[in-house]
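Undergrad: This is the structure I have questions about; it appears just below.
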Amino acid sequence: MVYFAQQVVPNACSTMALVNLLANNMDRLEVGSALKEVVEATQPLDPNSRGIVIGDRVDFRENQNSFAPFELYEYEGVYTGKGDVFHYVSFVYKFGAIWELDGLKSEPVWKSEATDANYKTMLMNTVQKRVDEIAQADKSGNGQGISFSLMAVVNDPIPVVEKQIAEATAAGQSADILKAELAALQEARNKGREENQRRRFNYNPMIGALLKALAEKGELQGILDELKSSALEKAKDKKRVKVEEVKGEKKE
């Protein structure tokens, strides 16, 4: 049976998508004890009850919320409607078929047959077809109003390359190229972690302290005037370019 949990808690679609995806691949993936515990405990339950249990997990909720970027300004109780709306859906290969796992639906949706030999191709075809269906249904932007991001659960390449280096070394072969590849992977991993930390860090107190210090030294107003002047010049240049473009079109 395909494991499926409904989304019953608001703003938890990313967690539900990940849980549904990982729960259906636990035979092929190394997962943490928390996820194992949840899947085993909720296995006998219906999709709605599973969603309630998962939604009540404080550790899952805190982990998801930790990836939310800090907003520069927050106004309690005020929603402008200008922010993007996101929804996450998983597609998995299980029991000879491709399944769509959407937490907002009542059950897994069978999409197509597949085999061990062609499931990757069938997955890509299924996702592409689903994207096309959603884009065509978007009447507001003629198919351009909805954006999509695709993410795949894949093997961690670092242990794979480390194993290849060990095998090459044991066989007396050169591993220089593999070592360079490993260094590049590790550098990219570290860079990603640093960017994640910066994205989630609250810079507001630092910015406030800096502005206060500049104001106390009497330097803030001069900086603001300079920035304002620079912005006005850029706006004028932009307007000038547009006028020249219009004139050029008329000549043609």
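Glycine residues also receive a Cβ, built from the backbone N, Cα and C atoms like all the rest.
Copied straight from TrEMBL:
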- Cys13: active site, nucleophile (ACT_SITE)
- His87: active site, proton donor (ACT_SITE)
- 1-155: domain 'UCH catalytic' (DOMAIN)
- Gln7: site 'Transition state stabilizer' (SITE)
- Asp102: site 'Important for enzyme activity' (SITE)
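Thinking about packing and proximity, how do these listed features fit into the structure?
TA: Within 10 Å of the C-beta of Cys13 (active site, nucleophile) we count 18 further C-beta atoms, all protein chains included.
When Cβ atoms from all protein chains are considered, those within 10 Å of His87 (active site, proton donor) total 11, not counting its own.
The C-beta environment of Gln7 (site 'Transition state stabilizer'), restricted to residues of the same chain at least 6 apart in sequence and closer than 8 Å, consists of Cys13, Met16, Gly51, Gly55, Gly103, Leu104.
For Asp102 (site 'Important for enzyme activity'), the Cβ neighbour count at a 10 Å cut-off comes to 22, with all displayed protein chains included.
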Undergrad: Any idea what the model's mean pLDDT is for the domain 'UCH catalytic' (1-155)?
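TA: Overall, the domain 'UCH catalytic' (1-155) comes to a mean pLDDT of 82.
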